[in-house]
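Novice: Pulled these from Swiss-Prot:
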BINDING   T50, N115, S188  substrate binding site
SITE      Y108  site 'Important for catalytic activity'
Amino acid sequence: MATPWSLTAVEVDNVVFPPAVKPPSSADTFFLGGAGVRGLQIEDKFVKFTAIGIYLHDDALPFLAAKWNGKSDHELTESVEFFRDIVTGPFEKFMQVTMILPLTGQQYSEKVSENCVAIWKSLGIYTDAEAKAIDKFVSVFKDETFPPGSSILFTVSPKGSLGITFSKDGSTTTVIENKLLSEAVLESMIGKHGVSPAAKQSLASRLSGLFKAGGDTDK
């Protein structure tokens, strides 16, 4: 499989996502799978709220390529199953959400929580355990404010935990042990109704290129 280290950085509305990072709660370096803006069409203007970068552990490449190598960027972008495989795959993921506009922790966590609950209810898997995980998720953000340029950092473990860190000095990592929550936070970004179509397109394009490069290298 081709190495991802030849990948370039991605700039999203003056936020630069480097090609590789070491997440705060992992010992390994992850590669930038893709990045994009999250915004809303408000009347005749597209208002950008956050820039989202999605990093994947090296283990993601052989896992995803086994099924998706040979597919075009467009085919991957349109495939709900492809993004489900990224969300549920047995490898670590790291997401950096950087503010373009200021947000309060309450504004951010309530919107993410709504999206997570909607995903679970659509799948018929919303239980008391998930409700408790959502309560803890909201409480982590309760007293936070995020000025432009500040970031929320999520680390998703395949074992079922979600690490949450804030970019400000002295921030510690809070870990929530709930597999469905860890997956739903990422799914809310890049799933069927994900808030960042641009990040989905970026992931599809960059991963498609890596799959092709891996195929060529192996011949």
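Indices start at 1 and increase along the chain as displayed.
A Cβ is built for glycine as well, from the same backbone N, Cα and C atoms used for every other residue.
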Novice: Just name the most isolated of the binding-site residues T50, N115, S188, going by other Cβ atoms within 10 Å of its Cβ.
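Specialist: Comparing Cβ neighbours within 10 Å for the binding-site residues T50, N115, S188, N115 has the fewest.
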Novice: In the same chain, which residues outside the set T50, N115, S188 have their CB within 8 A of the centroid of the CB atoms that define the substrate site?
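Specialist: Sorted by sequence, the hits are R38, K111, V112, V185, M189, G194, V195, S196.
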Novice: Round to a whole number and give the Cα-to-Cα distance in Å for the pair T50 (substrate binding site) and Y108 (site 'Important for catalytic activity').
Specialist: 10
Novice: Provide the number of Cβ atoms within 10 Å of the Cβ of Y108 (site 'Important for catalytic activity'), excluding the reference atom itself.
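Specialist: There are 20 such Cβ atoms around Y108 (site 'Important for catalytic activity').
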Novice: Can you tell me the CA-to-CA distance separating S188 (substrate binding site) and Y108 (site 'Important for catalytic activity'), as a whole number of Å?
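Specialist: Checking the Cα atoms of S188 (substrate binding site) and Y108 (site 'Important for catalytic activity') gives a distance of 12 Å.
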Novice: If one measures from the C-alpha of Y108 (site 'Important for catalytic activity') to the C-alpha of N115 (substrate binding site), what distance in angstrom results, rounded to a whole number?
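Specialist: N115 (substrate binding site) has its Cα 11 Å from the Cα of Y108 (site 'Important for catalytic activity').
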Novice: Measuring Cα to Cα across T50, N115, S188, which the record gives as the substrate binders, how far apart are the two most distant ones in Å?
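Specialist: Site span for substrate, by Cα atoms: 16 Å.
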